[in-house]
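All remarks here apply to the structure that follows.
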């Protein structure tokens, strides 16, 4: 009886609804896990950032925007925009150990930003895996003694097909007019792989290409098996997929620079044209390359960092990954343009006539160049295997972002069934991607590529930057980083976060809107309804932000302004995931359950003040005192 009398009985007010049901132990969600190796996180970030764009976009952007001079705005934009936003995303993820949706406990009013991110990543994952399916198709086609796109005379070739071997065999002193001809590799890509002649446009998809459908199924199967156990499995796969591309890239580089005419291509790639620096387009192109190459705004960096230990040195990792990514892009340019220089000499045409970007480079120009080399099937296989490994670890990040975001929202139900949930997501995205395997699938892929991660992604990044620095507060964010790393970010990071990065992103957004051009594929112009659908994809991710605001405000109590103020403050559970890492304002604020109504809301309703609010008020006072001291100094 004495023991029963001494045992304190908590009032109903202090017990959340979910903790009244019975045993608390059964209510605890399964541990979300962490990286199992020291290099898992670093290699995953490198694999995520170093993707297909480094090979097929950067070299082309460099030579069209001033050659070697392009490196000046490229590295300036990396410093202003790339590195600071990269570090901000890693900091948010590591500090909270939450995915792109749950991390908005930092300011629930803006949870729609996370919803917009998931929508963007889902759309990108659909078409990105189709590109991997194309790579698999070419990879299997390379397993032969004679590459199928080497000669004309196949059933898919037309009368316009001109074999480069014929040009070389002819009298080299006589110029050959190739302006009205098509290479065998181009017809193989468009007429055999895509079979695009079976579709009249985006509104007429035609039949499913079953060989492409099987390749897409294989690519989704590979991705699922690699993310089956979350970061514990994908963290091990990246030891191969993040490092092996470098080995192949070096092999292609050495082979490329030893070819006759290679210097011609490299010279074309790097000859600086400093007059280009006076053009705003060059600076915008540099910022866009940084923006998409580092993968900021897609939630992948935040997701990967959320599986770190609390004191992981992400400051060091930021510089390793961002600078490594830039150097890889430059190296890839040498590997690509050395081969293009050789190819232009073989065909007797200028380099600018053979240089292309995007899928045109990967599936037409470079495969054609491979046919001119001895052991062409070997070099073709190595090139496409490099593209496969480059693409896969970026796709791992997209999938991990989606799965982590949703499982962090419903940890009790989905974390124990993460493998099954991942399978459902993969199957759903595979089915949605089936339209890309049709004869008119390339039109849909171009539409997704142009609009899914366009201005919507920029709005997401700008909003994130402004919320963290203005709503949450720069002082508080810097103090959070100090809790993790032991030091506060310097003036460089603070200046970029407050002014330079958001301003650059705004300039990019305005430029994209002002210089808007309708999508096209070759000579095909997209109809108005397709353009409207594309714009809707971009707008929908932006609309998630005001929709999220409405939901957050409706969940609060009081007048409209009071609701907005309450929804913009950090939620009860915001802060480090483990109690041992909580200090200052975060001590004792870790919610013991997943109650939809945190303790603080109950206390407001019935009167009184919580220890969380009390400590928060004390911290606010300390911050105000610090600001007064700094202003006096």
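Here the Cβ of each residue, glycine as well, is placed from N, Cα and C on the backbone.
Automated prediction, rather than curation, is the source of TrEMBL annotations.
What TrEMBL lists as region 'Disordered' is 1-27.
Remote same-chain partners of the transmembrane segment (41-59), defined as residues 6 or more beyond its termini with a Cβ less than 8 Å from a stretch Cβ, comprise 35, 131, 231, 234-235, 238-239, 241-243, 245, 269, 289, 292-295, 300-301, 304-305, 307-308, 312, 317, 320-322, 324-325, 328-330, 332-333, 336-337, 357-359, 361-362, 386-387, 390-391, 393-394, 396-397. Look at TrEMBL and you will find 41-59 (among others) tagged as transmembrane segment.
According to TrEMBL, the feature Na(+) binding site maps to 47, 50, 54, 293, 325, 390, 393, 394. Cβ-based neighbour count (10 Å, all protein chains) for residue 293 (Na(+) binding site) stands at 24.
Per TrEMBL, transmembrane segment is recorded for 71-92 (among others).
Long-range contacts of the transmembrane segment (113-140) within its own chain (CB-CB distance under 8 A, at least 6 residues past either end) are made by residues 52, 100-104, 193, 211-212, 215-216, 218-220, 223, 297-300, 359, 362-363, 367, 380-381, 384-385, 387-388, 391-392, 394-395, 398-399, 401-402, 405-406, 429-430, 432-433, 436-437, 441, 444-445, 448-449, 452-453, 456-457, 459-460, 463-464, 467, 537, 540-542, 544-545, 547-548. The transmembrane segment feature in TrEMBL is assigned to 113-140 (among others).
Taking Cβ-Cβ distances under 8 Å and a sequence separation of 6 or more, the neighbours of residue 161 (disulfide bond) in its chain are 152, 153, 181, 182, 183, 184, 187. The disulfide bond annotation in TrEMBL covers 152-161.
Packing against the transmembrane segment (237-254) from elsewhere in the chain are residues 37, 39-40, 43-44, 46-47, 50, 226, 328, 331-332, 334-335, 338-339, 379, 382-383, 385-386, 389-390, 392-393, 396: each is 6 or more residues past its ends and has a CB under 8 Å from a CB in it. Taken from TrEMBL, the feature transmembrane segment covers 237-254 (among others).
The transmembrane segment annotation in TrEMBL covers 286-307 (among others).
Annotation source TrEMBL lists transmembrane segment at 319-343 (among others).
Positions annotated as transmembrane segment by TrEMBL: 378-398 (among others).
According to TrEMBL, the feature transmembrane segment maps to 419-445 (among others).
According to TrEMBL, the feature transmembrane segment maps to 451-472 (among others).
Here TrEMBL flags 492-514 (among others) as transmembrane segment.
Under the heading transmembrane segment, TrEMBL lists 534-554 (among others).
Around residue 47 (Na(+) binding site), the same-chain residues six or more apart in sequence whose CB sits under 8 Å from its CB are 238, 241, 242, 393, 394, 396, 397, listed in sequence order.
Listed in chain order, the residues near the Na(+) site other than 47, 50, 54, 293, 325, 390, 393, 394 are 46, 48, 49, 51, 52, 53, 242, 245, 295, 328, each with its Cβ within 8 Å of the site Cβ centroid. Counting every protein chain shown, the number of other Cβ atoms lying within 10 Å of the Cβ of residue 50 (Na(+) binding site) is 28. Non-local neighbourhood of residue 390 (Na(+) binding site): 50, 51, 52, 54, 55, 245, each in the same chain, at least six residues away, with C-beta under 8 Å from its C-beta.
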